[in-house]
Each structure stands twice: as C-alpha cells, then as structure tokens.
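Here is the structure we will look at.
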Amino acid sequence: MNYLHLLDYAGVAVFAATGALAASRLRLDIVGFIFFAAITGVGGGTLRDLLLGKLPVFWIKQPLFIGICVIIAVLVFFTAHLVESRYRLLLWLDAIGMAAYCVMGAMIGLEYGISPYAAIVTGISTATFGGIFRDVISGEKSVLLSDEIYISAALLGATSFVFLFSMGVPQIVAVFVGVLLAFGLRAAALLFGWTTPRYKPRQGRKIK
Amino acid sequence: MNYLHLLDYAGVAVFAATGALAASRLRLDIVGFIFFAAITGVGGGTLRDLLLGKLPVFWIKQPLFIGICVIIAVLVFFTAHLVESRYRLLLWLDAIGMAAYCVMGAMIGLEYGISPYAAIVTGISTATFGGIFRDVISGEKSVLLSDEIYISAALLGATSFVFLFSMGVPQIVAVFVGVLLAFGLRAAALLFGWTTPRYKPRQGRKIK
Amino acid sequence: MNYLHLLDYAGVAVFAATGALAASRLRLDIVGFIFFAAITGVGGGTLRDLLLGKLPVFWIKQPLFIGICVIIAVLVFFTAHLVESRYRLLLWLDAIGMAAYCVMGAMIGLEYGISPYAAIVTGISTATFGGIFRDVISGEKSVLLSDEIYISAALLGATSFVFLFSMGVPQIVAVFVGVLLAFGLRAAALLFGWTTPRYKPRQGRKIK
C-alpha cells in the first residue's frame, strides 16, 4: 500500500460520505445510507473501469472499497445531526473527492495505455459521475449544475496531472499538483463564489 | 431449461410489467411501453453483466429476454385499465422481481468466480437498478426511496442465499430460501407498512 | 474515411449540439457546455460499446470524437442566442442524430456478430440513450416521453436497415433507407404532430 492507495481510499470515503449525507436528506434507513454511500463512493470509479474495459470493476476485485462505504455510511447515520449544515459539508467532501478522482481516473487511464486526451476525459468522468449518480437517483439538482466552478476544476486537475506526468515529472509530484489545483479551484469557488463566464440567455430573435 | 431459467424469465417478466405500468402512467404509445418494459426488465441484469465483464450482455446473446419484454408490454398495454390500482400492482410485481433478481444476481456473480461479499453487492445491484432506471427515466420518485423496507429486503435475500450456498446447502434450497426471505420481508413491508429505523432529521446546531 | 465515418461524425456532432443547447438552457459555463455536448454526443455510442463489450469505448480509441464535441460546444456557446427557438433546434438536431445512430448502432452490432434482433435493440439503445443521459442529468422531461413519435422512428430505422442488409441489399443502400425512414417519420411527427395511439388512461374500477 502506497500513497496512491491512500488517495484512492480517501476519494471513496469522502464521496461515500456525501452519498450518506444525501441519504440523510431523504430520511432513509441505514441500509439506504449504505446504498447511497456505495453508489456515490464507487460510482465514478465503476464508470471509469467500464469505459476502459477493466472488468470486473475494481470493487468486485477488492471488496474493501465497499467495506469503506459501509463504515462511512454507519458513521454518518449516527453523527449527521451534529453538523451545522449538512449540505455545506457535502459540498466540501465532494470537492475533496472530485480532486482525488480527477487525478486518479486520469492516472489509471494512462496506466491502462490510453492516450493523454482520453485520460483527461476519463479523469473528469471518474470525478463527476459518482456525484451525478447520487444526485440523479436522489432526485436533487446536480451539484455540477450549480453556479460555482465545478467541472472546470476537474478539468484543471486532470489536465495538469496528465501534462506534468507526460513531461516526465515524477508521478507523486504530478499527482500532488493535480489534486491541489483541482481542490484549490473548487475551494475558491465555494469560498468566494468564483464563477466562470456563463451563457447569457437573451431573448430569441422572434420576440422584439 | 431448469428452474433457474424459469426464475430468470419470471424476474424479467415481472420487472418488464412494472416498466409497462410506468409507461401507462406516462401515457406512452405501445413502442414506449416496450421501451420501458425492456429497460426495466433487463436493466438490472445488464448492469450485473457490465460490472462482471460478462459481455456482450445476456439479452444480446439470448434475444428471447427482449421477446418476453415485448409480449408483456403488449399485454399490459391492452389490459392495464382493468387493474384497480396500477401503482399497487407495480409495487407487488416489483417485489417479486426484486426477490428473484437479488438471488439470481448473486448466484451469477458466484458462478463467475467473484467473492461472496462482491456477489452480495452484485445481487443487490441487479435487484434494484432495473427499477432505478425505470423511475429515473420516467421522472418518478424512486420506489427505493419510499418509506417501506426495500433495499434491506434485497440485502437479506442476497446475503442469505450467499451464506447458505457457501455453507454447502444445495443450490435449489439456497435459492428458494433467499427468494422467499427477500419477498417475504418486502411483502410484509407492503402489507403492514414495516419500516426500519430511519434517519431522524433534527435541526442543525445553528438554529437554537 | 468513408461515408460511414461521416455519418458517425455527423451523429456525434448533432447530438453534441443538442447537449450544448441543453447546457444553454441551464446557463452553464463553456466547460459545462462541453460536458453536456460530450455526454450527449458520445453517450449513446458509449452504451452500445458497453453492451457489446467492445472496450475501451470508441472515444477512448479515437479522441477525435471528443474533439468534435468540444468544437460544437464552443460554437453553440457563442451562437445559441442567434437562434429563434433553441428547443425547436434541439428537437431537429436530435432527430438527425437519432436517425444516424439507430442505423449506426445496429450496423456496428451486426459487424460485431450479434443476431439481427439484438442488433435492432442495440441500434435503438444507441439512438436514444445519448438524449436520455442529456435529459436526465439536466433534469428535463425526456424528449422520448413527448407526445410525438420518437422511439417508433428509431425502431423503424433500425429494423428496416437490419432487414434490408440481411436480405443482401448493399450496405450503403440499407443505411440510406434506414436513416431516411427514421428521420422521415420523426420529421413528420415534428412537422405535423404525428402521434401513435397512446395508452388511454381510464379510471380504475374502484371509482364508479
């Protein structure tokens, strides 16, 4: 076990926690908490493995990942009421998970031999789809559609990692920079309300 | 063809019927009925095959499964108005399908050589995602999020089957017990409103 | 590169445009436009490759497809306000994409050696799921659930292609007829409001 495994477990754990927090909003029972924790925790990585054809998916080979989701779900079930704002906590944990996964997804793609461009897309997919599954199944508006920068942060993290790693920068440095940039941008968006220029809807030409 | 094939066909058929019932609520045409019947009928098993890497998925190899969905969809299209409460019927058919699939999914996982823990998760995924696809695409609140026990029943069925089968109990007995426990628990939940202790939302600490 | 590649690129491009138009409705930033363009543009083909087990999925092998989505997203971001009715445009582009993909999906299935029946289902899946992903993630009512003929057009296109091709008709003719029939039926539905007989909800027998 090296630092990459830790990053992987951390990514699963924080995403699992956001799934459990979503379950708390839905007032599910403890099995529902586990269900949402697992879907969110391993959802992005499952999509990554499917896209790559790296099957069976990772959590079938290493059930420990599901175990982490179970533990986190139980913890959240009994402690979520202690938190002042569960949605705020969800957003911050989601930010950590996104930062860890956009780099992990890209790296596993590169190790699997896909092109740098495809690795960036795979990284972004890994980072975003756990949250998409959580939000779609729980019937909430997706965090990705909020005003603050989200997908751009995953794009920044995955791209900077892939660029640095392809330039020959040691893996640990490239990983560190990628995760930090992704998290930093998302954190700034959450703290300072950073947004990117958004599509400005104007009235169609019909209405004068 | 043995009893397992029958169980498999039965699971597809009842889930397909719930999909067609959802289509009736959306007032779709007959092709829409078939579409929803197929998504719900083979959706869970499709996810199972994807997760395992057992590709192409089962209904590509055996198109009879799609044929079953077509027949069921046509039947429901012409008979759904005879039913007193279509939602009630949907819930009961869904309960049968869930019970059949949580065991079938776990069994196919074990046959494919995955660990007992992963087989339980695969079983639960198989049992729940057909319904999730149906509910998400039709824009309804998912049956899984209702108050009555649902995912716990799939967990019970998959776990008891995997446990008994791993203990050396004959397959047919383990299957029978697993299906019966899953269906029994869900049926009790539907009949008597059984629920499990749910997350009790309290106000955050901010508001005093 | 032959006419089939052109059809494939065209299908990705028009679906990507519908994804970007959906992003414009959500007032996303340019990365959000790219995200939705990519999900919609390559979503159906991704599902097709997953179902067939043709992995890694096509856009990992040929990143040009993602490049097309990026270009289309940028174009739409800067020009969508010029359009009188963005939803109307979305529907027409979606019709082209659906027509191209129901045939492409079925053809790739046949080339992969699956049965004609399974190829039809694969074609319909390819044609419809890009739009389903777009609509589900953006939280809109799915285009497939609208009153006008949609899935039936994909069924017609896929079936006629598979039938003609299996009869020995030259591929280019079978493709042409399939695409034309699918697009023609959907276009007629959009222009003249064509619908198929829909399920007529009557009150359940309880209420007299």
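Here the Cβ of each residue, glycine as well, is placed from N, Cα and C on the backbone.
Marked as domain 'Glycine transporter' by TrEMBL: A:6-80, A:91-164. Among the features that TrEMBL reports, transmembrane segment is placed at A:6-23, A:30-51, A:63-83, A:90-110, A:116-137, A:149-166, A:172-195.
Contact between the transmembrane segment (A:149-166) and the transmembrane segment (A:6-23) is not supported, since fewer than 3 Cβ pairs fall under 8 Å when only residues 6 or more apart in sequence are counted. The stretch in closest packing with the transmembrane segment (A:63-83), judged by the count of Cβ pairs under 8 Å and taken from A:6-23, A:90-110, A:116-137, A:172-195, is A:6-23.
Sequence-distant neighbours of the transmembrane segment (A:30-51) (same chain, 6+ residues past either end, Cβ-Cβ under 8 Å): 11-13, 15-20, 22-24, 57-59, 65-66, 68-70, 72-74, 76-77, 101, 104-105, 108-109, 122, 125-134, 137-138.
Across the candidate stretches A:6-23, A:116-137, A:172-195, the maximum count of CB pairs under 8 A to the transmembrane segment (A:90-110) is reached by A:116-137.
Mapped onto DSSP helix, strand and coil, the domain 'Glycine transporter' (A:91-164) counts 61 helix, 0 strand, 13 coil. When DSSP labels each residue, the domain 'Glycine transporter' (A:6-80) comes out as 64 helix, 1 strand, 10 coil, counted as helix, strand and coil in that order.
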